[in-house]
Amino acid sequence: MRTVRVDTGKPYDICIERGILDKCGEYAKALSKAEKVTIISDSNVAPLYMDRVKNSLEKEGFKVATHIFKAGEEQKHLGSIAEMYNTLAKFSMTRKDIVVALGGGVVGDMAGFAAASYLRGIDFIQIPTSLLSQVDSSVGGKTGVDLPQGKNLVGAFHQPIAVLIDPDTLKTLTDDYICDGMGEVIKYGCIKDEKLFENLENQNALEHIEDIIEICVSIKRDVVNRDEKEAGERKLLNFGHTLGHAIEKIYNFKGISHGMAVAIGMVLITKAGEKHGITEKGTADKICALCKKYGLPTTDKSTFEQMAQAAKGDKKTAGSSIDLVLLTKIGDSFTKKVELANLCDFITT
Ligand SMILES: NC(=O)c1ccc[n+]([C@@H]2O[C@H](COP(=O)([O-])OP(=O)(O)OC[C@H]3O[C@@H](n4cnc5c(N)ncnc54)[C@H](O)[C@@H]3O)[C@@H](O)[C@H]2O)c1
Ligand SMILES: O=C(O)C(=O)C[C@@H](O)[C@H](O)[C@H](O)COP(=O)(O)O
Ligand SMILES: [Zn+2]
């Protein structure tokens, strides 16, 4: 078993172990005085893993309810949260009870937000089952939903009490979503870890996925420990996301997945960085080649005008400027303020 400790205001462990799904009851018992647990999952993950998680919790004496919603980013909205509140209230969940998020990033972000807001905040455990959620979204406490106006525009910082990662669940994930998760893995190499980037180039990451998961969550842990609420350094985790989220919005959150959009966003913003003499020449080509190696797209038909317009509502906008995340070279990232009026020119290559 590998353990990564997160030292936020409320510290917790990220535990990585094959088969940990069947021990989640023991973890919950050790961490909480809850009597009731509501497991929130989606329509793809629940048939695969709900029974194992429920049995493990019941074995430890918890009363368990389940809430299953239709899988997909299109469901990541406030209407789905209202349905979760309904389940939590009907089951008379109290402040000492807990939510378990069993699924990918959509489940984790929404179940986390329901837990952050129900009764003004109850505890929750993340059991991430997609690659993207195991390397990124289950850690750090960002929870929330999309609005038609933009990605993740409503939410709360609410740290889980534990993150239980079972890499065996990746055996049932489709190849497309394995590729998708690699978008965030490549991001970690780009912003903080040149060695990780080179390993991804020279080896097949999927052959040593537990190492990759541990490296990514450790990088994220270090950043979140220093800047839990994204006052500064945490913005670097948004590399590729300003344009990626803009593209997701242009598509109305359908037909393009998060990791794919981030891959395109990383390539485009790095090309812009090179155009402005900020980023070492050849960096965008390296990112492009790596994204292609892991089956990710690197271009989109959206115009720079459309992307700039959609990006203006990003949470990194303050007043008349936006903080863009750029690279000087692979492994070295920083933020740069750009006037919204100049955003389209800045990103156009
Ligand atoms: N909170 C954060 O810090 C953070 C970080 C990165 C991304 N995100 C968010 O995460 C979401 C993307 O996460 P995602 O890619 O996991 O999406 P997702 O939750 O939609 O999962 C992708 C697909 O895989 C299925 N699935 C998940 N695990 C499976 C398994 N083990 N076997 C079979 N199918 C499985 C899901 O049902 C879904 O169809 C986006 O909404 C993004 O904004 C949040
Ligand atoms: O945890 C963070 O901080 C991140 O930025 C991780 C991102 O991969 C993730 O997609 C996050 O949800 C984006 O944050 P947002 O604040 O731009 O919604
Ligand atoms: Zn992301």
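Residue numbering: from 1, along the chain as shown.
Placed from the backbone N, Cα and C atoms, the Cβ positions cover glycine too.
TrEMBL labels come from automatic prediction, so no person has curated them.
Annotated domain '3-dehydroquinate synthase N-terminal' per TrEMBL: 68-176, in sequence order.
Its Cβ taken as reference, SER130 (NAD(+) binding site) is surrounded by 28 other Cβ atoms within 10 Å in the chains shown. Annotation comment: TrEMBL describes GLY105, VAL106, VAL107, GLY108, ASP109, THR129, SER130, LYS142, LYS151, THR169, LEU170, LYS171, THR172 as NAD(+) binding site.
Helix first, then strand, then coil: DSSP counts for the domain '3-dehydroquinate synthase C-terminal' (181-317) stand at 96 helix, 1 strand, 40 coil. Look at TrEMBL and you will find 181-317 tagged as domain '3-dehydroquinate synthase C-terminal'.
Annotation for GLU184 (Zn(2+) binding site): spatial neighbours LEU132, VAL135, ASP136, CYS216, GLY259, VAL262, criterion Cβ-Cβ under 8 Å with sequence separation of six or more. According to TrEMBL, the feature Zn(2+) binding site maps to GLU184, HIS241, HIS258.
Take the mean position of the Cβ atoms of GLU184, HIS241, HIS258, the recorded Zn(2+) site; other residues of that chain with a Cβ within 8 Å of it are LEU132, ASP136, GLY183, LYS187, GLY240, GLY244, GLY259, ALA261, VAL262. Comparing the Cα of HIS241 (Zn(2+) binding site) with the Cα of every entry in VAL107, ASP109, LYS151, LEU170, THR172, these being the binding-site residues, the smallest distance points to LYS151.
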